[in-house]
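J.: Here it is, the structure, as structure tokens.
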Amino acid sequence: MTRSSPPESVADLQRLDSLTTRTADPSGAPAENRDRITVRDPATDAVVGSVPACTPEDVSTAVDRAREAQQSWAERPVSERAAVLSRYHDRVLAHRQELLDLMQLESGKARQDAFEELLDVATNARYYASEGPGMLSSERRRGAFPLLTKTVEHRHPVGVVGVVSPWNYPLTLAVSDALPALLAGNAVVLKPDEHTPFTALRAVELLREAGLPDDLFQVVTGRGPELGEPLISSVDFLQFTGSSEVGRIVASQAGEHLIDCSLELGGKNPMLVLSDADVSKAAAGAVRGSFTTAGQLCISFERIYVHESVFDDFCDEFVERTRRLELGAAYDYGPDVGSMLSAEQVDKTERHVEDALSEGATVLTGGRRRPDLGPHFFEPTVLTDVPESATLSDEETFGPVAAVYPVSSTDEAVARANDSDYGLNAAVWTEDTAVGESVARRVDCGTVNVNEAFAATWASVDAPMGGMDDSGLGRRHGEHGLTKFTESQTVSTQRVVPFATPRRVPGWVWERFMIGNLRGLKRVAGLRSRVRAVAEKLPGGRR
Ligand code: NAD
């Protein structure tokens, strides 16, 4: 089944052109002759529209406009800013059909995968609208001298936040991080991926309809290598989601300009199936975890370590469930797995599979392109016997390919899971959740799900999400996902006793007084530690 023309809801995409930030073309070319980027439907390769290839001058204009709008936005009470996010939540839900159609049109993903994006954006909007204001309020901190030093931490917006987003989750990754940045009182300049600009533009239009001031959220469509440096050199914070390779480039540019950044990068995510796991549930989790968005999900599984006692049963079940997946493109909840994004993605996936086969791997199911369905379809693929020499044993494929490996113990599963440069997401399957939770803590990944593939941690937006090692720097979600977009400022007021030796007090008296003070503070700290140690030992105590 291939889809033909896009649904009516997304027929008029070119009107979104007016939302991109542009200055006059420096070459003086008339608007219609400006360099443009063609956007295609991955499922059919049909052209769906084009967007301007913005220039470094456009980026500069966008940042200037955003910076000006930011001043009055930051002065508004946080409750007013939160109200915009709250209204955005409702608008996103109200416009869900159109957004789902648009995400499918630009990324080729299955509708249920697009729906997960919609849930994510609504969840983040609700969470930060309701919890965010409290996280931004000024807080009393312990002063240098108890009672004599009043210390308060304030949070100020950083100014203009640059967001660079990829194509695989075109709605979520364009706006979900921007929402807390806006709530904190910042402006945002977004550079969406070249393949999926219309979803980002429509998402921003909906934000304006929800009450966001027009200039506060600028969008510059264009090519990453051309716009990255101009953006990074003029914003105050960079939120980047994409490959580890580009992450290294933008991190060094951020370092050059001394701005802070948060990097959400690639992964080679492991799933662990322990000897007591319910094989059927684990196999269902492996299917979801490996083939959501045709495996083009940063937190999807590409390595599955299964205890040898359940290895055969797991493989049978995993293969059977994978074969039952319907592959195709339709603007409804029919197909389970959609198209990949581009020839580049399919070529890389095919290269990885062929390389693994040439090194001795076995295909249990899948392993082929499906040109009969569209130009960029690839079958959900399960491999085994993959040797270490195969490229895909440690390199991210970012396609619908999972390699299954038998292991003889939980320790071996953990050791092999940790034998990677990446550390983004993992899952542990076991009938003993206490064991699962303890194994999870030994896996070197920023998020680890017990008896779930990825949604349990991802959707728990009150908790931080992000990668260890080459998978990133910083975290999104939770309090940190908001406060990273702020500068903290400490204001301390000293009362009665000054810090310097008082004029008429002899030095040795002051010395004794201060030493006594330090000893007193140490005794209080020791008491606190002892109380904490006792609390940890109580049933349910935090460790
Ligand atoms: P990519 O790094 O090629 O591109 C991401 C974005 O960066 C795009 O907007 C692109 O235009 C821009 N870009 C490219 N070169 C640039 C440069 N030199 N300077 C500035 N910007 C530049 O990544 P991709 O192929 O679009 O996305 C897939 C990768 O993203 C995978 O590795 C995946 O694991 C990762 N990813 C990570 C997360 C996460 O949350 N950790 C989420 C989604 C995707």
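Glycine is no exception: its Cβ is also placed from the backbone N, Cα and C atoms.
TrEMBL annotations: computationally assigned, not manually curated.
Quick paste from TrEMBL:
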REGION    1-40  region 'Disordered'
DOMAIN    33-491  domain 'Aldehyde dehydrogenase'
ACT_SITE  GLU264  active site
J.: Can you work out the mean pLDDT of the predicted model over the domain 'Aldehyde dehydrogenase' (33-491)?
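T.: Taking every residue in the domain 'Aldehyde dehydrogenase' (33-491) and averaging pLDDT yields 97.
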J.: Name, in the order they occur in the sequence, the residues of the same chain whose CB lies under 8 A from the CB of GLU264 (active site) and which sit 6 or more residues away.
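T.: In sequence order, LEU173, PHE240, THR241, GLY242, CYS298, GLY466, GLY467, GLY472, GLY474, ARG476 meet the Cβ cut-off.
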J.: If you run through the region 'Disordered' (1-40) with DSSP, how many residues end up as helix, strand and coil?
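T.: In the region 'Disordered' (1-40), the DSSP-based counts are 13 helix, 6 strand, 21 coil.
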